[in-house]
């Protein structure tokens, strides 16, 4: 019996009056995941397009694959590179992940398979916990409200998993996605009604609730007992010269062979997926352009001002682009159509605000070298206000024509 036939056979149990009526949202989510919705427009449609919400969300999900697969490889590569340089660390590792990796692969940093299996052993459990726990909350709220499960959770789950450090405990992953889905989205009415990005809301909760597992030098590499600073931390402590002196070139940072979150290190891989989003017009080019212009503008201004005590003032814009979570946030987080500005002019302002804020936080805030998460959440709060003033300005301009 095929999947379609099986789903059709049990459908009556989930319909109104069936014994599993309250779980219709779960059935519908599974059915929609495998097949397109069976309902069609009966009357004349005012807008006709080849893409619906499901296809749009699946496209975004697929566009994260370059960053996802490279992130898995790089997570394993960074760990195996440390094991090759410090064999005593390899001998001290323990736990179920280490046992699983040892049974499927080795620890050779020159082996594509070894690196990928090592990284997958960290990313896939994080993604699985995110998907299962977050999916539970989605189905629960959909069942209570008696509506369908929205496909947007496919995007939220993978984005949340990709912005976490590889060493994060799985129970914290469950707490973070629960906070992001429930507090960041569902309490406001669900998809389309939230004003904060759910994935970033969950990460912000973890950052402030469990800073030891979300920041510092010991969380970015999947090796117990090892501390390795990110490129941004090195720059914050000693400028770009400190980054280069530690053997990290701009090309290393661009390709992504550096310490960092599971899916944020490779600007190249992120840009591949991001360009697809721009070409398909799922992501707004105005927001992306605004983020870039805001970041470049303030970076150049701070370069001109300079500082004898803060080396971050001298950080060039092209380094801001490839370190931290800037690229990932610009393409996948800032362009969230729900929490971003809606008007065309507002999108430029919204993007520029993010670009300016991320540089400002990175350069001026001594306690927080990364700024993309806070910059986007800050802009999310102002998005409705930005759109309000843009609309009011347009109304005044149109009224002035008739005076």
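Backbone N, Cα and C define each Cβ position, glycine as well.
Checking the ranges 100-120, 121-141, 142-162 against Swiss-Prot, the transmembrane segment annotation falls on 121-141.
Among the ranges 35-55, 56-76, the one that Swiss-Prot lists as transmembrane segment is 56-76. Here the listed stretches are 220-240, 265-285, 287-307, 312-332, 371-391, and the one with the most C-beta pairs under 8 angstroms to the transmembrane segment (56-76) is 265-285. Scored on C-beta pairs under 8 angstroms, the neighbour of the transmembrane segment (220-240) with the top count among 121-141, 287-307, 312-332 is 312-332. Put simply, of 121-141, 163-183, 265-285, 348-368, 371-391, the stretch with the most CB pairs closer than 8 A to the transmembrane segment (312-332) is 265-285.
Taking a C-beta cut-off of under 8 Å and a sequence gap of six or more, residue 230 (FMN phosphoryl threonine) has these contacts in its own chain: 217, 220, 258, 259, 260, 323, 324, 369. If one looks beyond the transmembrane segment (287-307) by at least 6 residues along the same chain, the residues whose Cβ comes under 8 Å of a Cβ in the stretch are 274, 278, 313-317, 320-321, 326, 330-331, 334-335, 340-341, 347-360, 363. Away from its own ends, the transmembrane segment (265-285) comes close to residues 51, 56, 59-60, 62-67, 69-71, 74, 253-259, 321-322, 327-328, 330-332, 335, 337, 340, 347 of its chain (Cβ-Cβ under 8 Å, at least six residues beyond either end).
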